[in-house]
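Peer 1: Once you've had a glance at the structure underneath, I'll fire off some questions.
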Amino acid sequence: MTATVPATAALALGDDALVLSHRLGEWAGHAPVLEEEVALANIALDLLGQARVLLSMTGDEDELAYLREERAFRNLQLVEQPNGDFAHTIARQLYFSTYQHLLYAELAAQEGPFQPLAGKAVKEVAYHRDHAEQWTLRLGDGTGLSHDRMSRACDALWRFTGEMFQPIPGVDIDWAALETSWLASVTDVLGRATLTVPEGPRTGAWAAGAGRQGLHTESFGRMLAEMQHLHRSHPGASW
Amino acid sequence: MVTATALETELLELAGSVPDPELPVLTLHELGVVRAVHLTGTGAVEVDLTPTYTGCPAVETMRADIEQVLRTHGMREVTVRTVLSPAWSTDDITPEGRRKLQQSGIAPPRTQHSAGPVTLTLGPTRTGHAGEAETGTAPEAIRCPHCDSADTELLSRFSSTACKALRRCLACREPFDHFKEL
């Protein structure tokens, strides 16, 4: 089973989980209410657990997390985007958790190296997706201010969503069907939240997205510096 | 062979008797996370442990506690393996485990009896209120562990740990943790 782990896929999926986990962890001490602080930290913890399993499939988890340079990370540009305001974080959660839930459901349903992890994680991510959907409804269909901010956040992150459906070598699923399901689900949630589906491009020259090839956005370097500096300054530190 | 199996059963019971580090009222057996014990040689044993959540931080402590118990019982070499498949479910919590959760003020998870793909309908946030009967689609209520009322509502999907949600009882007004179905 583990004889043929596709390293590219393990890194791509593992880096998505690791990087988003770190971003969500940045909310600790800053979330709008205590319950939300706990919720975001718990989602981050689930993602960190998934990242540990995925990265360990292809190498030493600590070396991969703490000693790679920016260009060696294979995560989507979407997950590295700064937290922004709470609406931006929720828009990022909506786009990503819907994708991850659909993707893990596919991987859980087929024999392969990712089946055990996906079968477990799909149940965790169902709660992440529900959390994001409920907040999207509440903010979109809330006050004028919350509606405007949620709308701005959905628009701002839209151009990062096309990259999610670039096929990953070693992940043998119907990517076009995945994209169709994702679009239908996001359109449904945005509609119920009285928000409009953003109009900008999701793919092509005007869209973003080369994270899978190791090209990242400006803020990612600073995020990595913070994430890695302790281990680089004090190799093997523990407490 | 016969003695080995008897010893394995004994060791499985010992490993299962370790209290859960986060919910010490439950044993690991009652939580349903110790899957198997295999003797791999004289005094050498391998234990299969499955995490509740992939990122459960208590796994390290469980591992250490199991090792200690089995070493005290004469095992020289104890290996605790983490197994993910089949994925742990809250249905794996024993009836005794559910009773103990309830007693310690945590509403136990409802049983799911389902296999296959997970649906996203995680249910309404409020259960057990009058309006439900009219629709005829009332889900099984989540009962208050303090006063047993079925009229309770969700406050937050995530509580003190990832495996629990925070709810409030609308009858006695007490907040309580609910062990989420997984």
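Cβ from N, Cα, C; glycine included.
Just lifted these from TrEMBL, have a look:
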DOMAIN    B:16-79  domain 'MIP18 family-like'
DOMAIN    B:133-180  domain 'PaaD zinc beta ribbon'
REGION    B:89-117  region 'Disordered'
Peer 1: Could you count the residues of the region 'Disordered' (B:89-117) that DSSP puts in helix, in strand and in coil?
Peer 2: 12 helix, 2 strand, 15 coil
Peer 1: Averaged over the whole of the domain 'MIP18 family-like' (B:16-79), what is the pLDDT?
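Peer 2: A mean pLDDT of 93 is what the predicted model shows over the domain 'MIP18 family-like' (B:16-79).
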Peer 1: So, by DSSP, how many helix, strand and coil residues make up the domain 'MIP18 family-like' (B:16-79)?
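Peer 2: So the domain 'MIP18 family-like' (B:16-79) is made up of 19 helix, 19 strand, 26 coil.
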Peer 1: Give the residue counts of the domain 'PaaD zinc beta ribbon' (B:133-180) per reduced DSSP state, in the order helix, strand, coil.
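Peer 2: Taking each residue of the domain 'PaaD zinc beta ribbon' (B:133-180) in turn, the totals are 3 helix, 16 strand, 29 coil.
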